[in-house]
Ligand SMILES: *Cc1c(COP(=O)(O)O)cnc(C)c1O
């Protein structure tokens, strides 16, 4: 037998972390990495955050899991806090981002069904989108690498180029339920939606009775310097998916909706055995205890500005390698000039300079540090990145 016990769907590398300390990961041989990947935008508070750790430990010892058949003081408290701080009136808790997407798709279709428009099932999504790996989520992207071999997929999706409002509107017909879009695309290449695009989708939904679903699984929860990325655009969605930073590493996601958009989601229409259990709720509450302190998002915005400015200064010194900077806040991407080297450059930074980043589409590498970084981490990251750029010879040394 040659298949590995861990199903070999990831190209796992030689970084084998066994411990985390703040913004650092420590490998099996004791080597240290500056973690500007943060579990792909998950470890918003870094590793081993004392307040978070204590809250989860206390809840673990008190009550870990009960069925959603019972009342949930913990779930009600976290949902209320999310409702108080967002556009949403109601929240469904999941264990992952893809499950939040499933709930969003179901909520949107069900809305039109109970509104007397059962034909309105089509959801328009965008090129390079990433919504997760369930059958529903891969049906909602046109990326072949995620879809090939898994067909037939869920019908009822159509795909327009990202940031092309006219193309999106041209796909709307009498069967369209709405749009589902990442406010800032993550895996696809760290491209922020333009204001005209995001605001234009909102307006089209208002004008034609459609629903706007924002996928803020990566760009939400403080990542862009505001609680949610759509706050930069002055609009709100009808339905929104969140995950990643919401649990700081505890598997947690959520589908948020307005009362109107969720009107079809009544008893028996959806469920999850684990979703929103007391342990998960303690993790989610601990994250908000830290994030909703005054000044947290301002800190993210400030660190994002500093990091971007430092990158902008560095780029001219390595203009054979770096093309442009993308993203918002601490959700940054750098596009490389040499074609198709993002993965190779990420490996180079990791193996030779102890800096962890993440590859994305369009030959971009993602810089996604914990949101609690300070100036010293920025200085260290820029030093490592500059050294990495100097020593890098594309596709020769890894
Ligand atoms: C990570 C991600 C998902 C999928 O989340 P999982 O927890 O892996 O299921 C969906 N959408 C976006 C934008 C993401 O970044």
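Just so you know, glycine gets a Cβ as well, placed from its N, Cα and C.
If you check TrEMBL, you get these features:
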- 97, 98, 130, 215, 216, 217, 218, 273: pyridoxal 5'-phosphate binding site (BINDING)
- 133, 272: N(2)-acetyl-L-ornithine binding site (BINDING)
- 244: N6-(pyridoxal phosphate)lysine (MOD_RES)
Based on Cα distances to residue 217 (pyridoxal 5'-phosphate binding site), point out the closest of the recorded positions 133, 244, 272. 244
A 10 Å Cα radius around residue 244 (N6-(pyridoxal phosphate)lysine) captures, of the binding-site residues 133, 215, 218, 273, exactly 218
Measuring Cα to Cα, how many Å separate residue 133 (N(2)-acetyl-L-ornithine binding site) from residue 97 (pyridoxal 5'-phosphate binding site)? 9
Out of the binding-site residues 98, 130, 218, give me the one sitting nearest to residue 272 (N(2)-acetyl-L-ornithine binding site) by CA distance. 98
What's the most sparsely packed of the binding-site residues 98, 217, counting other C-beta atoms within 10 A? 98
Counting only residues 6+ apart in the same chain, whose Cβ is under 8 Å from the Cβ of residue 273 (pyridoxal 5'-phosphate binding site)? 67, 68
Reduce the DSSP letter at residue 98 (pyridoxal 5'-phosphate binding site) to three states and note it down. helix
Report the binding-site residues (130, 215, 216, 217, 218) that meet this criterion: Cβ distance to the nearest atom of ligand 1 under 6 Å. Use sequence order and write none if nothing qualifies. 130, 215, 217, 218
Check the DSSP secondary structure of residue 244 (N6-(pyridoxal phosphate)lysine), expressed as helix, strand or coil. helix
I'd like to know which of the binding-site residues 97, 133 has the most other Cβ atoms within 10 Å of its Cβ. 97
Within 10 Å, the Cβ with the most other Cβ atoms among the binding-site residues 218, 272 is that of 218
My understanding is the cutoff is Cβ-Cβ under 8 Å with a sequence separation of 6 or more in the same chain; which residues meet that for residue 215 (pyridoxal 5'-phosphate binding site)? 101, 104, 129, 131, 180, 181, 182, 183, 240, 241
Within 10 Å of the Cβ of residue 216 (pyridoxal 5'-phosphate binding site), how many other Cβ atoms can be counted across all chains shown? 28
Identify, in sequence order, the residues in the chain of residue 130 (pyridoxal 5'-phosphate binding site) that are 6 or more apart from it along the sequence and have a CB within less than 8 Å of its CB; answer 'none' if there are none. 141, 143, 146, 182, 185, 186, 187, 188
For the pyridoxal 5'-phosphate binding residues given in the record (97, 98, 130, 215, 216, 217, 218, 273), what is the largest pairwise C-alpha separation in angstrom? 25
